[in-house]
């Protein structure tokens, strides 16, 4: 039996979280076209007769000196050193640039085994030629490269085979029925944040976070009171929407997803609260991301 920890890294919006969800067969990490939707290191667990793979989804790799981004990058670096194998995800639509150079430099310096995954091969307009040239120039062997579509489930089984080939014999670190080790309150919080980002598209991705104020398991259903926190007064109105339609829509969709994942009905009460300039508070950012 084989087992091991595998980090998933790459630039923002390359499909890392979609890949994690696709492999594990569950919605573990929230997905969005909005860059850097993932903030924490999210573990997804895949177990079959061959063994167990513990995936660590990471924030999108982005070079920036802002406090928020530095905290995100610290999560990426710590995930790399915790793993036996790195999956480096490249979006087939992206022209290789400075961040690709930096990511490969970090991987190669780490001396940790890695696989390069070129994602979204179902898309017609691509930079595949440029990507392959870039990887060739970096002396990446072809047997380390696999092309997939996480969304369309293309070559996912082949990718699992490739991962197992690169893992050592080891125990099951988690019971075989586990597909994540996330605590319930974090999962619920992330679901609400994911739905909010989806509804607002690109208006507020970095300016919100969610917190669970009350979480009680009451016989046949969960009772949840949660807050969506914004950094500026004007953002409250964007989330609440005209006549409260925005927050109502967020609540309804979040409730459906939470009930499905937890396999139990839930009463969800949402509020929008202002914590002015929270996204500039280094201590709070550290607590949120770690």
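Note that Cβ sites are derived from N, Cα and C of the backbone, with glycine treated the same way.
Here the domain 'Era-type G' (2-169) has a mean pLDDT of 87 out of 100. Marked as domain 'Era-type G' by Swiss-Prot: 2-169.
What Swiss-Prot lists as region 'G1' is 10-17. Secondary structure of the region 'G1' (10-17) per DSSP, as helix, strand and coil residue counts: 2 helix, 1 strand, 5 coil.
Taken from Swiss-Prot, the feature GTP binding site covers 10-17, 57-61, 119-122, and the record attributes it to sequence analysis. Classification of residue 58 (GTP binding site) by DSSP places it in coil, neither helical nor stranded.
The annotation region 'G2' is assigned in Swiss-Prot to 36-40.
What Swiss-Prot lists as region 'G3' is 57-60, and the listing cites sequence analysis.
If you look up Swiss-Prot, you'll see 200-276 marked as domain 'KH type-2'.
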Taking DSSP states H, G and I as helix and E and B as strand, how many residues of the domain 'KH type-2' (200-276) are helix, strand and coil?
30 helix, 31 strand, 16 coil
Just checking, which of 13, 58 (binding-site residues) has the fewest C-beta atoms within 10 Å of its C-beta?
13
